């Protein structure tokens, strides 16, 4: 295959075929420097163009004509008849054709031309692109035939020094490929360094130490070769001068710099200021900036470099479309042979000099440039398709599209440069009938360029407006007890439509039976009489409807508030209020609350309370109804209080009502038991040895003026019954004989009986002394009373049997001596005396039995449990053995009337088990009420002994106290101090005081008076 066939084969490469009716394109590839008339391609053959007319079937004569500018020297020619393409005499030089372009092999060098096919019936425009391939037609050349390099004499071995690179206009493998140092004299070597851009830079290597004094100049040759076929080369003289020491070369701050400059930058514009530094001083630090040998001549035409300052400036107008990137190598030399190297990449940026273009195509056909829409059209109704474009690139070619002002339309992006104009909300003819707005297309350049397009839209009216009330909520107020047909207000609504669509009728909604509404005028009246107490507020709706088709309507809420009139009196929740309070409640305590209501409102229901007929015993809060006491309650004095309460409202005129209030005082355990029987502290009863078990030998009876459980009493023997000879009924207080007495039981027995109530929360107690004399007779009563007097010195917790027994034995010894003496007279007298006493006692016993009540029982004991249960079923004997000894009152100087000084006490064990301590300091003293009955007036005693009493003004000990009950003359000695249940109590008797010994016993000192006695510690 010869060279011609090779080129023809290359020219037959298929290209992109365009529409045969418009334009087609062919691409051919050729080598540069071809001679004249070398065929490049055949247009009809490569495009398969037929010369036969399809309509007539005849052969057509086609003419091929090259389109060129006048005066241009064409590089190719086209045969007008055959359409073949040939080279001309004008040689195609790739380096000249693509001068200034990069020499990289991948960058194509091409030129374009257009060929038209005539006549017009067969007209075609053929666009031909011819790619010019490089041939090795240029030898690499050094910048200068003589290259001078200066090397300091102190240069270290293996130091490298750059040699100016050779350049070759050819590209790829035809460019510079190899360097060779000739006659290096073993002092210098050569190394090749390849840059990232593919350039080969020669470097001179020092292989031996240099000495300028021995040899200051070395002359060698350097050879450069390309890789073409045939290979081309050239040489240059390399002269190395060994210079004096200058050991610091300049250094650029940045060796790689990239800058951007707009293509419209004026001449003289600074591109970049390069700056290199040198550590030397003086002339060795003077830096000179020059372009490197690799900088293309075209680049040097556009930019200038200041040799002193390193400033690069624009010296010719730039054109981004001609050259977009310039690479500049700048050397900084301080006079040495090793200059610093910096590469500057200058990017020419685009200038925004083309405004955007708007292509507006309507979807809804306009009429005279105006689009007509119905106001009932839905949202997102499509109006037009808008396409925008910009001839600029990058940011300058980026276009945004928007509507100039706020309208119910928006642009919806469908592609990068296409938008749909559509409605963004519902349209309203009554609001705006016509819209005129601009669509703006704006690029992103600086300054931004824009283009506008005007759009006109008109709306067609629809019946789409319902009647509108002036107020969505209508609030009215009217007084109750009104007249029927009372005018309230006029309800009105408006409709923005016209004609029948604006005719409005009114209608009441549900829950409006109390009202009438005129359908045409909207006048609202009352059809009934209002009663605020039955219904205070009416809420209903009113509908306004137009006569459109279909009719539209709206509603408004009507709130009618009924104003109050004072037509209701205050009403108590109860006609009769009853409250229960405990006695001894402190003064000003709350005893109850009166509740009253008023069906009216506002001031008409503001009720004030007052007491009508109370004598200031109570205080009533006029607003809250709280009743507080103005007295301290005492049930025993007054058990209830009754008064009337009046309620008055704040209306005009005011209305009132009354109610009854009763305060019931509930009992509190504040009274100790009062001993009625035995009648005297010094009286005794005779228990004969013949008395049988179960017979009643004495009784204890007391009363409590409290009520309920506070008045229930319990009797207990707490001391003096160590042998278990007696027992007491806890309910009746009857003392019965538990066992038949034997001679060892003869003598005086003192029983300490505790009488306690069952009150809550605190039980009150009283102690009483019961003396029983066990013997067949009571011959010497004075002696017995003397024994009773002496027992006052014995503590209450001790048995007096041990102390009285010697006296009893002494009496029997005297009798025995008298009998031994044979005083029969004395025996007879004693017998007669005993007989008389027994008869008297029998008569007295019969009288006493009529006073006795229920059967007496003694406390249960563990060792006689079964025996006690049987005795409870026994009845008291008809003739009681209980005898009272009555002796006439002795003279004042008699020993019986002598003051009795003694101590009455209980052991600590008895106190802990049966007698509780009482804190007198925490309980306020109480007194008998003025009208309380004096029970002591009903009881008298025939005993000459005086009773124990306390004076009314007896001071009360703060630390120790002992309760002594007021008793009548010759009454029983009593003492109270929470003996069994360990709960303390206070006496309400104003003639009593109390003292509990801290040692656990009761003590009494001082004389005993006839009516009053005083015990002190």
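Glycine is no exception: its Cβ is also placed from the backbone N, Cα and C atoms.
Where the annotation comes from TrEMBL, it is an automatic prediction and has not been curated.
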Stated TrEMBL location of region 'Disordered', expressed as one of 950-983, 984-1017: 984-1017
Given ranges 787-811, 812-836, 837-861, 862-886, the stretch to which TrEMBL attaches the annotation transmembrane segment: 812-836
For the domain 'Cadherin' (33-142), the number of residues DSSP places in helix, strand and coil: 12 helix, 39 strand, 59 coil
Counts of helix, strand and coil residues, the domain 'Cadherin' (470-572), according to DSSP: 4 helix, 48 strand, 51 coil
Helix, strand and coil totals (DSSP H, G, I; E, B; other) for the domain 'Cadherin' (573-675): 4 helix, 46 strand, 53 coil
Number of helical, extended and coil residues in the domain 'Cadherin' (253-358), per DSSP: 10 helix, 45 strand, 51 coil
Per-residue pLDDT averaged over the domain 'Cadherin' (143-252), given as an integer: 87
Residues in the domain 'Cadherin' (365-469) grouped by DSSP into helix, strand and remaining coil: 4 helix, 55 strand, 46 coil
Tally of residues which DSSP labels helix, strand or coil - the domain 'Cadherin' (143-252): 3 helix, 55 strand, 52 coil
Secondary structure tally of the domain 'Cadherin' (687-785) (DSSP, helix then strand then coil): 12 helix, 43 strand, 44 coil
